Amino acid sequence: MTNPDNMKPVEATDVESAAEKTSEPTPASGTSTITQRWKREDLIKKASPITRGICLLFSLIAFLIMVSNKHGYGRNFNDYEEYRYVLAISIISTLYTAWQTFAHFSKREIFDRRTSILVDFSGDQIVAYLLISAASSAIPLTNIFREGQDNIFTDSAASAISMAIFAFIALALSALFSGYKLSTHSFI
C-alpha cells in the first residue's frame, strides 16, 4: 500500500487507544446542558423587558427634549419637518415600549402565546427602524445648522437625536431577544 503523505501507517493499537480515550456522555453532562438552556432562557426573559424599559426611557427623553426645543423665530422644532419626524417617532416608540413593558409586568395575556411572540418581534423591528430613520433624517439638518452657529437650539436637537439613537440600540437588542424567542419557540 502506498502512502502519499509519507506518514507512518496507522496501527491497530493506535486506534484502540484512541477509542479508549473517548468517553460516552454521562447523564450529568445532559443535565448540565438542560440547566444551561434554562439559564439562557431565564436571561432572555429578564433582558427583554429591561431593554424595552431602557428604550422607553430614551424615547421619553428624546420626546421631552424635542418638545421643549422652542427658542424663538427660526429656532423652533415645529418649523422643521425633520424634527417633527423625530418627535412623532419618539411618541410612537414611547407608546409602544410603554405598552410592551406594561404587558410584561402585568403578566396578562393580551394575545395568545404565538401571536404575542410575533407581535413582539415585528413591533421591535418596525419601531427600531423608525427610530433610526428619524434620527438619520434629522442629523444632516442639525449639521447644517451647526456650520452656521452653535447654539442651544442645535444642542437640544442633537441631544434629542442622540437619545433616539440610544433608544434604537436598546430596541435593536430587544429585537434580537424577540427573534431568539421566536426561533426557539415550538408552535406545536
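From the backbone N, Cα and C atoms, a Cβ is placed for every residue, glycine too.
In terms of which side of the membrane each occupies, Swiss-Prot places Glu81 apart from Ser178. When Cβ-Cβ distances below 8 Å are used as the criterion, the transmembrane segment (47-67) is approached by residues 77, 83, 86-87, 90-91, 93-94, 97-98, 100-101, 104-105, 120, 131, 156-157, 159-161, 163-164, 166-167, 170-171, 173-174, 177-178, 181 of the same chain, each at least six residues removed from its ends.
Secondary structure of the topological domain 'Extracellular' (146-156) per DSSP (helix as H, G, I; strand as E, B; remaining residues coil): 8 helix, 0 strand, 3 coil.
Nonlocal intrachain contacts for the topological domain 'Extracellular' (146-156), taken as residues 6+ away from its ends with a CB within less than 8 angstroms of a stretch CB, comprise 65-66, 68-69, 71, 75.
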